[in-house]
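Structure first, then comments.
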Amino acid sequence: MFARVSTLFAMFFLGLALMVSATPAALKPVARDTIPASQCNTGDLQCCNTVENADSPSAAALLGLLGVVVQGLDVLVGLTCTPITVIGVGSGANCVQQPVCCENNNFNGLINIGCTPVNLGL
């Protein structure tokens, strides 16, 4: 019985990955150059636990579950992000993970799309 359940999960995630890769594109990729935090004009400044390409297994699974389509597999996405405020009093003020600017932050920090790494200079 366990073998059937694990086979079902494996087929589900394989199908999910195939659907994500075969879906038409919707968002444009962002340049990967590191920019100063003061010039974060591509979106909001975020502190993400993980920053990955959209085609990575964990990012592709989340994008598929949320029904999000991205243009190109080289788009950077941030996973489990918190905002960094200009004043430094937000929940992400002490960013020890990856500070990024992200264009699409509509998923309450679960996943942010179109991210560009930044240099906080702290």
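Glycine is treated like the rest: Cβ placed from N, Cα and C.
The disulfide bond annotation in Swiss-Prot covers CYS40-CYS101 (among others) and is backed by similarity to another entry. A simple way to gauge crowding: the CB of CYS101 (disulfide bond) has 23 other CB atoms within 10 angstroms, across all the protein chains here. CYS101 (disulfide bond) carries a strand DSSP state (E or B).
Look at CYS95 (disulfide bond): DSSP puts it in coil. Annotated disulfide bond per Swiss-Prot: CYS47-CYS95 (among others), in sequence order, evidence recorded as similarity to another entry.
DSSP assigns CYS81 (disulfide bond) to a strand in the three-state reduction. As annotated by Swiss-Prot, disulfide bond applies to CYS48-CYS81 (among others), with the evidence given as similarity to another entry.
Annotation source Swiss-Prot lists disulfide bond at CYS102-CYS115 (among others). Counting every protein chain shown, the number of other Cβ atoms lying within 10 Å of the Cβ of CYS115 (disulfide bond) is 29.
Taken from Swiss-Prot, the feature signal peptide covers 1-22.
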- Note on the structure: Should one count Cβ atoms within 10 Å of each candidate's Cβ, the disulfide-bonded residues CYS48, CYS81, CYS95, CYS102 would be headed by CYS81
- Compute the C-alpha separation of CYS115 (disulfide bond) from CYS101 (disulfide bond), stating it in Å without decimals. 5
